[in-house]
């Protein structure tokens, strides 16, 4: 009977898969072989050579093609009778709205970034569709189930923020190669190829603050008739030569530090590179922009080879030339992408030249790409295991076996003689601003911070909103959308450049903001607290967002715990036919060795995860008889 019920649930289900990478390939195959007959796949990526060693639905002939489409075609060859629809698109596109999600019985995630995962989580909450999350990194993996009102949502627990570094360390006193990578991709790459209107103080690295904005612009702006190679040498000499010399002028900085060495192009490069390297026409172009490469014309083939200063300098100039020769239309709109070969080459070369200047060991392209993309290389077996677990949880969801849902962790080494550790899911966190609407608190200097800072650093970066709308009381301060007229757009853009306290409806200490995203059908409150000073090392953004407060104990129950265990209260209903309700209460004072341990890893097979220590999770569960 149970088998018949299960087969009926599977055959009648309409499933949405988001992601067709390492996990996605295994998941689609497993779904098809398990009897699912109506599957939709969304993935915006194209197939790369580096995918082929673990994404087994793809072949070399598929390189450059849509992952979603090729995966669909591959599975239909051995399951031709089922319906699989592919979308080569970004899941954040407007067509994938709440109404689109409502047509599905369950959503299965195999994504590679926090932003998209949060977006899908919010759409599933708004559409009231169960979500099964997953991720792998190396030998580790996990699968979690999120059902509105029954289990915690994906954002009920804070996700560790990506590692940030103080601006002063990045721009003036790097000591690690990762500092050079961040400088190369977030400052130099962004300055040369990204939004020209964004603030970037790459030019102001001297002790003399008298440099004018015009002088800054003269360095990085390329004249219409300026030779690309000469422009590249000018940039090279500025960022690796004169900037370093200016920094050395401040003797106080280098009293207890190793002094960097200025490097100029004439010291390491021949007078003309055109004859030696060939022209930009001879670059490697086998498909889209992501496979344009500076390496072939320079005779560089092995990405694991360590380049010297001269080779890095040649790659720097050649990559810059190729951006202007082959991708000129994109300049001004580019952001660093670890899957963009030319971008990775440019950032690797720039980071290595800077590392050479500061006496930091150089790294290969392979190593630099891993650091820039925060990559841990994948294990195909882990992907297959996690895909199987996703399908198991999806079947439970379709059968509505809520008391059997499990968060399952795939471990690298046996623990309690287990490599797979299942844990009961938690109830929704009453302090979650996404599913419980608890207000957030923002500490910010309202007199020195602009609305643009709030939008970029908080609303977009931290809250993950795509089309934000910001209201202060009855005043609409900012909105994004295609239906805005020119006057409204101009007014909102003008507001972006105003300090918070000087807006038409001033934001000051005690102000309460409403921030919405209509696409995600998400709304939250932010209570503003004015603060004058911030620690530049610990709080480099100049603002602090908080709001994950522990709810107080109620009904006489104590929220305290011993030093050995985090107490968790679980109350079961007396009726076995009813869904058990679980109440979680964690200690307000968690011992250091029992705090939630997580790690953010983005693997090169596009599977992203936050791994919670399963041993610590198991200690959080305590049944009340």
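Placement of Cβ uses the backbone N, Cα and C atoms for every residue, glycine included.
TrEMBL annotations:
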type: ACT_SITE; residues: 168; note: active site, glycyl thioester intermediate
type: BINDING; residues: 19-24, 43, 51-54, 67, 112-117; note: ATP binding site
type: BINDING; residues: 153, 156, 432, 435; note: Zn(2+) binding site
type: DOMAIN; residues: 5-433; note: domain 'THIF-type NAD/FAD binding fold'
type: DOMAIN; residues: 328-369; note: domain 'Ubiquitin-activating enzyme SCCH'
type: DOMAIN; residues: 442-534; note: domain 'Ubiquitin/SUMO-activating enzyme ubiquitin-like'
type: REGION; residues: 531-625; note: region 'Disordered'
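Locations of recorded TrEMBL features on the structure.
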residue	record	Cβ contacts under 8 Å, 6 or more apart
43	ATP binding site	18, 19, 20, 21, 24, 66, 67, 68, 71, 86, 87, 88
53	ATP binding site	380
115	ATP binding site	92, 464
156	Zn(2+) binding site	426, 428, 429, 432, 434, 435
168	active site, glycyl thioester intermediate	536
Measure from the CA atom of residue 153 (Zn(2+) binding site) to the CA atom of residue 22 (ATP binding site) and give the result in Å, rounded to a whole number.
24
Neighbourhood of residue 153 (Zn(2+) binding site), C-beta criterion under 8 angstroms, separation at least six:
121, 125, 146, 428, 432, 434, 435
How many other Cβ atoms are found within 10 Å of the Cβ atom of residue 22 (ATP binding site), counting all protein chains shown?
29
Other than 153, 156, 432, 435 themselves, what residues in this chain have Cβ atoms within 8 Å of the centroid of the Zn(2+) site's Cβ atoms?
125, 152, 154, 155, 428, 429, 434, 436
Secondary structure composition of the domain 'Ubiquitin/SUMO-activating enzyme ubiquitin-like' (442-534) [DSSP: H/G/I, E/B, coil]:
24 helix, 30 strand, 39 coil
If you draw a 10 Å sphere around the Cβ of residue 435 (Zn(2+) binding site), how many other Cβ atoms fall inside it, taking every protein chain shown into account?
21
Test of understanding: give the count of other CB atoms lying within 10 angstroms of the CB of residue 19 (ATP binding site).
30
Which numbers of helix, strand and coil residues does DSSP report for the domain 'Ubiquitin-activating enzyme SCCH' (328-369)?
25 helix, 0 strand, 17 coil
